[in-house]
Amino acid sequence: MSAPVAFHPTPWRAWPLLGILTGALLLRVLFLGSLPPALFRDEAEKLYTAWCLATTGHDAEGRLLPLFIHVFGVTTSAVYQYAAIPFVWLLGLNEWSARLPAAVVGTLTVLFLWLWARRVYGELVANWAALLLALSPWHVVFSRWAQQGIFLPLWLAVGMWAWSNFLRGKRWGAILAGACLGLAIYTYDVARLFVPLFTLGFACFHSKEIRQRWRDTLLALLAFGLCAFPTFVLLVTATEQAQARFQRISIFQPDASLVSIVRVFLGNYFAHYSPGFLLWRGDAELRHGAGVGVLNWVEAVTLVVGLGVAVRRRSPWDRTLLWWFLIFPVAASLTREGIPHALRSIVAQPAVAMLSGIGAAQLVLAVRETWRKHIAQLIFLGALVGFLPFAARYFGPYRHESAANWQYGVKQSLELLAPHLDLIDSVVFYNIFGAEYLVGVYAKIPPRAFQLNSPRMGKFEFPPFHAPLRELYRARVGPTAYVTLPLYPPPPEGHVVAISAKENASPVAVVYLNRPLWERLRERGDGASNKP
C-alpha cells in the first residue's frame, strides 16, 4: 500500500450530506409498518410502556416515571420507552410508533458520524463514512425495530463529535462527551464493559489534552457520573436483578474450568471477525439480520484499507479507532448463545464506518487527480451494488421467512376473532411468550385495565407457560378460542384456522376453535374460512 494520504478539512457542500441523509432515512422507514412482518414481544412491551407513561406517568407495573423496566425476567433501561412517547402521542399504538424512534436514531447516527468525521478527517472521509453507514446492513436492520441497542452507535458518534469539538477549544465538548459515554452505560448492558475498556484506551491516546485541560476533564467525568449513576445504583442495590440475564447466558458457569472459559471466549471473539459473520451469513437470528453478511462488500474492502491507513499513520484518532475495532466483540464474547451476535456487538458500527470512510478516501486520493472522479464513482456504484444482496432479501423473502421470529400471527388471530368476540367466553394464548404485551397493544387495552401478572384480562387468558394443554381444554366448556403455535394439538372436535405469512406456506401460528364456539359460529353463519 502506498503511504497514507493526508486528509484535510474542506469547504462544506450540503448536497452530498442531504442526499446521504435522505437515502438513510428512506431505507429505515420504507414499509416500516409491515417490515419486520410483526411486532416482537420486546417491541410490544416498549410501545405499551410508552403509552402507559404518556397517559398515566407510570409503567405497566405501576412505577412512577421509572428509569429501568423490569420485564421478561430482565431489567433494562427505559430510554427507548421515553423516546417513543412523542410517536405514540402522534400515531397511537401501532408498528410505526414503535419503530420510528429507531429509524430516527439510526438516521441521526449517520448525521453525527458525518459531523465527527468532517471535524477530524475532512469532508471526503465524512461523506464516505456516512454513506457506508447508511448502506450498512448491520445498521439498517437495527434501525428498523424497537430495541435500545440502536442508541449505542448514536451516543458514541455524538460523544466523539463532541470530543473533537473539545479539542478545538469548545469546553462543552468534554461535558457532552462524558454525558454520552454515561448514557451508553445506562442504555444497554454491553456498554457496561465496552465503555470502560474504550475509555481506558481513549484516555491513553488523548492523554496530552486530558492533562493540559484537567479542569474540563473533571467536568466530563462529572457528566459521565451523573448519566451513569442510575446504572451504578442498580448494580449495587439490585445486583442479582441487574445481572439476571447475563448470569443465564454468561460463559462463567459454575461447572466451567478456566481453560474452557478462555477457549470459549477466544472462539466467540474471533467469530465476530469471521467472513461468515461479516460477509456471508451474518447473525443466525433473523431479527438481527437477513441471512447475509453484516457488512456491505465495498464497506468490507474499504475497511481493510482504512485499517491499513490507521496502522501506518497512528494519530491519536487512528489509534482510538484501532482500539475500538479490537475491543468491540469483548462483551458479546462473554456470552454463550447466538455467537456471533450482531446486537451485542453493535458498538462496532461507528468505528467500522469511520475506518471504511478513511479507506474509501485513501483509494480516491491515492490515484492521479484526473482519475479521482472515476474512482469515486466506481466506489459509489460498488457500494450501491454491494447493498443489493441485502436489499433483495430483506425487502423480498425475508418478510415471510422471518415471520416466526417476529411472533407473526398474534395480530392476525386477534383480527380474525374480533368480529366474533360477543360469541366467545375466552381467548386463550397458550405458550406465546410476551402475549400480554402483544394483546395489550393490538387490543388497545387501557393502562388501568392492564394486569401484567394476572392470568386474565377481560376475555383474554394467559395460562402459565407449559400448563397441561389437555387440562386447559377440559376446564373450558364454554365457547373458547386458543391462539398458539402449530406444534400443539387442537382440542377434541375443534376447528383449526392456520395463520401463514405467505399463501400456501407452512403456518406460523394457529387458532383453535373448540366445538361450542365452532357450533355458535356456524349457527350465526360466520363462515369457516381458514384465512384471517
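Using the three backbone atoms N, Cα and C, a Cβ is placed for every residue, glycine included.
Marked as domain 'Glycosyltransferase RgtA/B/C/D-like' by TrEMBL: 83-227. Counting residue by residue with DSSP, the domain 'Glycosyltransferase RgtA/B/C/D-like' (83-227) contains 125 helix, 0 strand, 20 coil.
Annotated transmembrane segment per TrEMBL: 12-31 (among others), in sequence order.
Residues annotated as transmembrane segment in TrEMBL: 67-92 (among others).
What TrEMBL records for 98-117 (among others) is transmembrane segment.
Marked as transmembrane segment by TrEMBL: 124-142 (among others).
Residues or ranges marked as transmembrane segment in TrEMBL: 148-167 (among others).
TrEMBL lists 174-198 (among others) with the feature transmembrane segment.
Under the heading transmembrane segment, TrEMBL lists 218-239 (among others).
With a cut-off of 8 Å between Cβ atoms, the residues of this chain six or more beyond the transmembrane segment (251-270) that come close are 329-330, 332-336, 339-340. Annotation comment: TrEMBL describes 251-270 (among others) as transmembrane segment.
Residues or ranges marked as transmembrane segment in TrEMBL: 290-309 (among others).
Here TrEMBL flags 321-339 (among others) as transmembrane segment.
Long-range contacts of the transmembrane segment (345-366) within the same chain: residues 2, 4-5, 7, 109, 113, 116-117, 121-122, 124-133, 136, 138-139, 142, 149-150, 152-153, 156-157, 160, 190-191, 194, 198, 272, 295, 298-310, 321, 324-325, 328-329, 331-332, 372, 375-376, 379, each at least 6 residues beyond the stretch ends and with a Cβ under 8 Å from a Cβ of the stretch. Sequence annotations record features per position, and here TrEMBL assigns transmembrane segment to 345-366 (among others).
The transmembrane segment annotation in TrEMBL covers 378-396 (among others). Nonlocal intrachain contacts for the transmembrane segment (378-396), taken as residues 6+ away from its ends with a CB within less than 8 angstroms of a stretch CB, comprise 30-31, 35, 128, 131-132, 135, 137, 140-141, 290-292, 296-299, 302, 360, 363-364.
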Practice prompt. Please indicate, using numbers and ranges, the residues of the same chain that are 6 or more beyond the transmembrane segment (98-117) and have a C-beta under 8 Å from a C-beta there.
Written response: 17, 20-21, 24-25, 28-29, 32-33, 39, 43-44, 46-47, 80, 83-84, 87, 91, 125-127, 129-130, 133-134, 139-140, 142-147, 150-151, 153-154, 157-158, 160-161, 164, 349-350, 353-354, 357, 441
Discussion item. As a test: from 67-92, 148-167, 174-198, 218-239, 321-339, pick the stretch that has the greatest number of Cβ pairs under 8 Å with the transmembrane segment (124-142).
Written reply: 148-167
Worksheet item: What else in the chain is close to the transmembrane segment (148-167), if you only count residues 6 or more beyond its ends and a Cβ gap under 8 Å?
Response: 76-77, 79-80, 83, 102, 105-106, 108-109, 112-113, 115-116, 119-120, 139, 142, 173-181, 183-184, 187-188, 190-191, 206, 209, 213, 216, 320, 343-344, 346-347, 349-350
Practice prompt. Could you pull the average pLDDT for the domain 'Glycosyltransferase RgtA/B/C/D-like' (83-227)?
Written response: 97
Fill in: Distal contacts, the transmembrane segment (174-198) - CB-CB under 8 A, six or more residues away
67, 76-77, 79, 148-149, 151-152, 155-156, 158-160, 162-163, 166, 213, 216-217, 219-231, 235, 245-246, 323-324, 327-328, 330-332, 334, 344-347
